Amino acid sequence: MADESETAVKLPAPSLPLMMEGNGNGHEHCSDCENEEDNSHNRSGLSPANDTGAKKKKKKQKKKKEKGSDMESTQDQPVKMTSLPAERIQEIQKAIELFSVGQGPAKTMEEASKRSYQFWDTQPVPKLGEVVNTHGPVEPDKDNIRQEPYTLPQGFTWDALDLGDRGVLKELYTLLNENYVEDDDNMFRFDYSPEFLLWALRPPGWLPQWHCGVRVVSSRKLVGFISAIPANIHIYDTEKKMVEINFLCVHKKLRSKRVAPVLIREITRRVHLEGIFQAVYTAGVVLPKPVGTCRYWHRSLNPRKLIEVKFSHLSRNMTMQRTMKLYRLPETPKTAGLRPMEKKDIPVVHQLLSRYLKQFHLTPVMNQEEVEHWFYPQENIIDTFVVENANGEVTDFLSFYTLPSTIMNHPTHKSLKAAYSFYNVHTQTPLLDLMSDALVLAKMKGFDVFNALDLMENKTFLEKLKFGIGDGNLQYYLYNWKCPSMGAEKVGLVLQ
């Protein structure tokens, strides 16, 4: 078991940005896509673990229940609506319906089973309770694709962002930095650097029209964004050209204007125009229907700072000194021949990765150009280290990417530097040794925490290396593709 000196770390609960082109019905109100402020995409699992915060939440919930009793009593009374227009009556009825089912997104399959998914029932995805034994598309590729963009609310206009323009890239960075996913207690917000955004959004095959922005007509201010990038995905025995949808973000002041659903439908339309009809995506909420469920684990590298910013806390019978001793790491890696990846290593890293991923059911299929893009080291973005043996052969590699978070409202600490396990391939070096060295390298580079999902073979080292389990799941989804679900150990895909 993970040590008690750190509690489970909560995952944020983003709702999901994905391909949602309406079947002539438009975007219907439903419990899983109603809260527009949740419409931001996050895979990081970075959130504080703080008992006092949980207690405050419980107190708030009690107060809400007390207030709610008045509302419940009024709902029992017959409401006179004869003087209201029909549209207004429908809005009130929808609001009452949403209130009754609870507006928060479902975090577990049990919660999800009690929800109605009116919108998702119209989409080419399996139903939540459906047992899938077949493989293939839910619906055939579309021939008749809408040619004109979807209509935005008055005063807003579409803009394909040119991220090669440093000014435009800075605008996107600012939008995300000020409005993107926060944790449940509003203590941390993801801080994607401009350079990281270029890495994540411009892999080989990227298209400018898939960097889909929304601007205010009068001021040209960027107030919304969604993106797609191409990806060849191997799912069981099939290789399929898909997209990954990411970075759905709407300015906080516009979240009542229903901009997010239009963004989602528009990126879907643009992807369909390129002849792609499947997508892969992840979310911290349960929707119809996950193909796999993974959990984030967190390894303290700088326990004092993590405790000071309330990312974690001291448990009973643990002092700060004992906690720091518990998480102390060697000064240097122990694997002989471990060095940063170089350009000459691209072919062998490609070969090692391709062979290694064959044992999993959901994986990327990369060519050498893509391997260079995703793995060649870039400072403060992606780190890859290879193991070269005495004969000059590269036999193993480890990799992790950088995603800091802004720490809000703390007097001294402004940023939390997190490393995220990417792909780690072993043939000669034991995976436990490889990942122990990954922790040492991350600590040497100034990271505060090292995060990893329990996918692939990661479960074999998480507890042994003193990772603590997070308390939220990351769901993997496929759009317009049916296949049996799989355990986390068969998921071989890591999304930024």
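Glycine is no exception: its Cβ is also placed from the backbone N, Cα and C atoms.
Of the candidates Ser31, Ser113, Ser256, Swiss-Prot marks one as phosphoserine, and that one is Ser31. Among Ser47, Ser193, the residue that Swiss-Prot annotates as phosphoserine is Ser47. Ala260 (tetradecanoyl-CoA binding site) carries a helical DSSP state (H, G or I). Gln118 (tetradecanoyl-CoA binding site) falls within neither a helix nor a strand when secondary structure is assigned with DSSP, and so counts as coil.
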